[in-house]
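*Asks:* Annotation comment: TrEMBL describes 1-42 as signal peptide. Among the features that TrEMBL reports, transmembrane segment is placed at 480-503, 523-544, 556-577, 598-619, 654-677, 697-713, 719-742. For 482-764, the entry in TrEMBL reads domain 'G-protein coupled receptors family 3 profile'. Marked as region 'Disordered' by TrEMBL: 764-794. Residues or ranges marked as compositional bias 'Polar residues' in TrEMBL: 774-788.
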Amino acid sequence: MASPRSLGQLGPPPPPPPPPPARLLLLLLLPLLLPLAPGAWGWARGAPRPPPSSPPLSIMGLMPLTKEVAKGSIGRGVLPAVELAIEQIRNESLLRPYFLDLRLYDTECDNAKGLKAFYDAIKYGPNHLMVFGGVCPSVTSIIAESLQGWNLVQLSFAATTPVLADKKKYPYFFRTVPSDNAVNPAILKLLKHFQWKRVGTLTQDVQRFSEVRNDLTGVLYGEDIEISDTESFSNDPCTSVKKLKGNDVRIILGQFDQHMAAKVFCCAYEENMYGSKYQWIIPGWYEPFWWEQVHTEANSSRCLRKNLLTAMEGYMGVDFEPLSSKQIKTISGKTPQQYEREYNNKRSGVGPSKFHGYAYDGIWVIAKTLQRAMETLHASSRHQRIQDFNYTDRTLGRIILNAMNETNFFGVTGQVVFRNGERMGTIKFTQFQDRREVKVGEYNAVADTLEIINDTIRFQGSEPPKDKTIILEQLRKISLPLYSILSALTILGMIMASAFLFFNIKNRNQKLIKMSSPYMNNLIILGGMLSYTSIFLFGLDGSFVSEKTFETLCTVRTWILTVGYTTAFGAMFAKTWRVHAIFKNVKMKKKIIKDQKLLVIVGGMLLIDLCILICWQAVDPLRRTVEKYSMEPDPAGRDISIRPLLEHCENTHMTIWLGIVYAYKGLLMLFGCFLAWETRNVSIPALNDSKYIGMSVYNVGIMCIIGAAVSFLTRDQPNVQFCIVALVIIFCSTITLCLVFVPKLITLRTNPDAATQNRRFQFTQNQKKEDSKTSTSVTSVNQASTSRLEGLQSENHRLRMKITELDKDLEEVTMQLQDTPEKTTYIKQNHYQELNDILNLGNFPESTDGGKAILKNHLDQNPQLQWNTTEPSRTCKDPIEDINSPEHIQRRLSLQLPILHHAYLPSIGGVDASCVSPCVSPTASPRHRHVPPSFRVMVSGL
């Protein structure tokens, strides 16, 4: 190991020895010069001089003292505290028979001057047992790095730079003041207290702040706290502040000096990053009322003072606690408050320093360390004295080092304990409230506890800010009252459909219902009820069922609605097709279309539906998808944002499958419209639903188009969408069922025979021309012969009663015309039989040629009745004399009987009432020719 001399060569070379007279003069003046020299004091100023017999324990004091250096105020401010500590230690005889001899050396916060002072102290001063001091980081780090070579332990009271925490590089360095990194565990505790798990950092590009930021990253790592963004700046912080806002950082941990702090808060004001949604945590070691000092600079950046204070309101500062707030006696026997009063009294005109408490405790740490070292030496067998220490004594240097690590007492700054050379002190939290800083809590590093002073923290909002924009994912659900209302309407619709079904089944044997195909009517009702049922399924969402069940409902409701539509309209169109097949294809000789064939047609339509749905389900089934919408503010005004979620039933190729379904349904509807148009002139209401089909198709088509468009536009509003879909289904199903069944119900209740009275078919003009060319007439026949017979018998009975009444009227008229009994007898004998023959025409069960043949034979046998012929000899007589003659009576009857014949025979299948001429024979008209049996059409199932 090199000698102290050789190590001392690192400093400037010693001056040459003065001549003997000068040396004698220097020895005489040395006691007077030492108190005035800036290099060193033999003891603390103001302290009583020790007795000459007490050996000193020299301590090297390194700190700035001159007024030319800004940090010189720190050294000057702690000297009163150092003097108090040395005086109290000497009074307690803690180091008897020794006393502390603190020799101060001014480093002037300059590396060269500080290093020269250190080497001069080693070369020209006594053997210093320890080094006390170290304020400026650069000077302190240079000296601390060389301490191991001199076996010296250094204790600093003001060096807070985190660089000195590296024990591999500075193993002999200790400090009573917590380092800047010591605030990081306190910040961690504060974050956990308010449950802030997401933060961002804003750091000035200075090594001191960068070191703190790096250490904070390590502290937060693994603590379930995310550093979402790390920003740094050199001169203009606005860009970094804007990035923090863009990343939704709410809790900002800042590391910058007080001059940059003004710029930061001005940028925060411009970006609106203050108030109830944000919390700034910055260093708390700024000068008191620092914002007043930087006001001019803030104004230069176009930031008004009130804007700066507005943005600063509520920020938290973190710094070490200068003095403990506990009312507990310290190692000196005085409470921190008592010590503070003595310090203020002793410093007189010297400005205070916030490090004075750490300097006071530092002197006590040195005294206790030396005391333990002496005890260790006394207990050893080496019989070595502590004043025998030199810079090459590694053993004694290690003893002092170990004694320093064992320090543990309660001082004026709190519990004094070292962990790897770092002080485990107390960290305080302050908050800027109404233009002043208020202490709101403190962190005890020894106990790792955070104490928040009750009712001192004031946040801008009703609660602490959130660490991020709280996104409340809210599933948009269908309103329960809306679902209840629409379900009630749906139930009413199903009750109506059930009533129609009951009506249809109950009256299935009625002629009106039989002719309208009751089985097809049942299918129409079934399709309507399936459509109603789908409404219940469309209203079930995540608020009622699970995700798996909802996915199943996606398929089920699509199948039910599709099948219901096809069943209802397929049955309606099948009925219309049968009417079209019978009445438009007049060249058919005979055709029977039963309900079984119509069922096959409807089944074919459903089979196409099933093929499409099965392929859809197998290839690309419907899945539950959740669509996220843009965030919305909370309606209740809370500091949260709501992200609406909406469930949909979708698949990969949704557009293609919907296009296939819509195309098929559209073609089916167009086919129905074509059939309705073609059969519009069929005049049997029981058979022809074309008018109602047209109305149904029109309403359903318009409503479906409007409903689909509005539903697509309101897909982000489930209540509106469900309401529109449900109302469209209810309207379409209800209007279809009502158009099909209400007219039948009204007709059956008011005039049950009106639907079948007019059995003649009125065609268009082109069709009439075709009928005249082919000389054919199509007659409608009922499906069942028995039903047709019952209807004709009822009609025959009614007509016979009518003719009987007319016959009585005719007899009365005839009797009035007769003057003599002979004429009456003549009329009865010659014409009564003919009238009975006419009346007997109604007894035929069908409008067959037999009835017409009887009428024709009757007319052939009585040509005078038919052609109204008279004898020429009678025409020249006087009309008055011959008015009651048998010839005149016969002539009048020959005119009246054909009129009656033309008026009433159409009601029983005879002559057309349109043939009003009594002079033309009914057999001469093509309409009353005998229709061959080959052109009859039997309608089955109508």
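Each residue, glycine too, has its Cβ placed from N, Cα and C.
A description of the local structural setting of each listed feature is requested, covering burial, neighbours and distances.
*Replies:* Beyond its flanks by at least six residues, the transmembrane segment (480-503) meets 521-522, 525, 528-529, 532-533, 535-536, 539, 543, 719, 722-723, 726-727, 730, 733-734, 737, 741, 745 of its own chain at Cβ-Cβ distances under 8 Å.
Here the transmembrane segment (523-544) has long-range neighbours at 475, 477-478, 480, 483, 486-487, 490, 493-494, 497-498, 500-501, 504, 550, 553, 556-557, 560-561, 563-572, 599, 602, 647, 718, 722, 725-726, 729-730, 732-734, 736-737, 740, meaning same-chain residues at least 6 beyond its ends whose C-beta is under 8 angstroms from one of its own.
Listed by sequence, the residues of this chain that lie at least six past the ends of the transmembrane segment (556-577) yet keep a Cβ under 8 A from its Cβ atoms are 516-517, 520-521, 523-524, 526-531, 533-534, 537-538, 598, 601-602, 605-606, 609, 613, 622, 649, 661, 665, 668-669, 671-672, 675-676, 679, 689-690, 693, 696, 700, 729, 733, 736, 740.
Sequence-remote contacts of a segment are chain residues at least 6 beyond its ends whose Cβ falls under 8 Å from one of its Cβ atoms, and for the transmembrane segment (598-619) they are 517, 519-520, 523, 555, 558-559, 562-563, 566-567, 570-571, 574-575, 577-578, 657, 660-661, 664, 668, 941.
Only residues 6 or more beyond the boundaries of the transmembrane segment (654-677), in the same chain, are considered here, and those with a CB under 8 A from a CB of the stretch are 562, 565-566, 569-570, 572-573, 576-577, 579-580, 605, 608-609, 612, 616, 620, 689-691, 693-694, 697, 700-701.
Outside the transmembrane segment (697-713) by six or more residues, the chain places 569, 669, 672-673, 676, 720-721, 724-725, 727-728, 731-732, 735-736 with a CB less than 8 A from a CB of the stretch.
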*Asks:* Taking all residues of the domain 'G-protein coupled receptors family 3 profile' (482-764) together, what is their mean pLDDT?
*Replies:* 80
